[in-house]
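K.L.:
Copying in the features that Swiss-Prot gives for the protein in this structure:
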| type | residues | note |
| --- | --- | --- |
| SIGNAL | 1-24 | signal peptide |
| SITE | R62 | site 'Transition state stabilizer' |
| BINDING | D67, V70, G72, D74, S76 | Ca(2+) 1 binding site |
| CARBOHYD | N80 | N-linked glycosylation site |
| CARBOHYD | N138 | N-linked glycosylation site |
| CARBOHYD | N166 | N-linked glycosylation site |
| BINDING | T192, D244, S247, D252 | Ca(2+) 2 binding site |
| CARBOHYD | N207 | N-linked glycosylation site |
| CARBOHYD | N237 | N-linked glycosylation site |
Amino acid sequence: MNCLIAIALSVSFFLVGIVGPIQAQLQMNFYANSCPNAEKIVQDFVSNHVSNAPSLAAALIRMHFHDCFVRGCDGSVLINSTSGNAERDATPNLTVRGFGFIDAIKSVLEAQCPGIVSCADIIALASRDAVVFTGGPNWSVPTGRRDGRISNAAEALANIPPPTSNITNLQTLFANQGLDLKDLVLLSGAHTIGVSHCSSFTNRLYNFTGRGGQDPALDSEYAANLKSRKCPSLNDNKTIVEMDPGSRKTFDLSYYQLVLKRRGLFQSDSALTTNPTTLSNINRILTGSVGSFFSEFAKSMEKMGRINVKTGSAGVVRRQCSVANS
């Protein structure tokens, strides 16, 4: 009898161990009872502003990406630091935009449901909604993320793929987050609505080898155009260039066509053609429909949105997205 009781207790504790994490997972409509209008508030706010800010979708999806790649999707990219060592102070995040936009959404939500909706969930929802309102793909965003307490510039520098990445570096950094080469190609497709400062790629135009010279992987005609019309010097850090010229406002397949023509703006774009798996994925996407691409892109976004999420007591809900709870 004692043996049976011991076994029963063991099973009971085992089940508690299983049920706990399951209950802590993300779920659709997480705020249905605690803040029923949360997702509509985010959606309406995005809808009211995206028409006046066509680059908003690209800015928010980039913020979501940069947030998830450092300590998971926990809103830590939003935290300000008086000492200048938070994630947003790291070089990859100096050109990230949308912080004020997320703060504004948070203020509306706090007025409706104080201390309920996390900043991490706001980023995930707003980035999806902004892309949808520009005619891009839709994807499921389960909620229940908690916000992180730590934001470290060095970690951002170590984990966010720079635009100078080769395929080996990209594969490693994506694998570190549980993403594969297919995800890399699909998520890179967001560059179709992206923009970049000249400083992110002028080394390809003026000093690729460190002793001057141009990146041979970049189409020479395209490079000449960039030099003469967009980025006249190596040190231009103000001019903004479309990553998918002429099609930036349309979420489509043209980015991949440019990559195959050696007209991807970043080295990391060109790198996608240097690996048989990534190249095969590009060709497969281009022979398929836009609808198929949207469906696959959605799956990779859903996968990215679950990276190392904090739920339950593992995180907090910040009252101000830019300030870590004391």
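Placement of Cβ uses the backbone N, Cα and C atoms for every residue, glycine included.
Describe each of these features in terms of where it is and what it packs against.
P.N.:
R62 (site 'Transition state stabilizer') falls within a helix when secondary structure is assigned with DSSP.
When other Cβ atoms within 10 Å of the Cβ of S76 (Ca(2+) 1 binding site) are tallied across all protein chains shown, the result is 27.
Residues near N80 (N-linked glycosylation site) in space but far in sequence (CB under 8 A, at least 6 apart, same chain), listed by position: A86, R88, S322, V323. For the recorded site, N80 (N-linked glycosylation site), the DSSP three-state label reads coil.
For the recorded site, N138 (N-linked glycosylation site), the DSSP three-state label reads coil. Sequence-distant neighbours of N138 (N-linked glycosylation site) (same chain, six or more apart, CB under 8 Å from its CB) are R128, V131, V132, F294, A298, listed in sequence order.
Shown in sequence order, Q267, S268, A271, T274 are the residues of the chain, 6+ apart in sequence, with a C-beta less than 8 angstroms from the C-beta of N166 (N-linked glycosylation site).
Mapped onto three states, the DSSP output places T192 (Ca(2+) 2 binding site) in helix. When Cβ atoms from all protein chains are considered, those within 10 Å of T192 (Ca(2+) 2 binding site) total 24, not counting its own.
Counted within 10 Å of its Cβ, the other Cβ atoms near N207 (N-linked glycosylation site) come to 14, all protein chains included.
Around the Cβ of N237 (N-linked glycosylation site), the number of neighbouring Cβ atoms within 10 Å comes to 13.
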K.L.:
Out of R62, N207, S247, point to the one nearest V70 (Ca(2+) 1 binding site) in space (Cα versus Cα); all of them are recorded positions in the record.
P.N.:
R62
K.L.:
If I take the Cα of T192 (Ca(2+) 2 binding site) as reference, which of the recorded positions D67, G72, D74, N207 has the closest Cα?
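P.N.:
Smallest Cα separation from T192 (Ca(2+) 2 binding site) among D67, G72, D74, N207: D67.
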K.L.:
Given the binding-site residues D67, D74, D244, D252, which one has the fewest other C-beta atoms within 10 angstroms of its C-beta?
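P.N.:
Among the binding-site residues D67, D74, D244, D252, the lowest count of other Cβ atoms within 10 Å belongs to D252.
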K.L.:
Look at each of the binding-site residues, V70, S247, and point out the one with the fewest other Cβ atoms around it within 10 Å.
P.N.:
S247
K.L.:
Hey, does DSSP put D67 (Ca(2+) 1 binding site) in a helix, a strand, or just coil?
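P.N.:
Its secondary structure by DSSP: helix.
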K.L.:
Give me the non-local Cβ neighbours of R62 (site 'Transition state stabilizer'): same chain, 6+ apart in sequence, Cβ-Cβ under 8 Å, ordered along the sequence.
P.N.:
V96, A190, G194
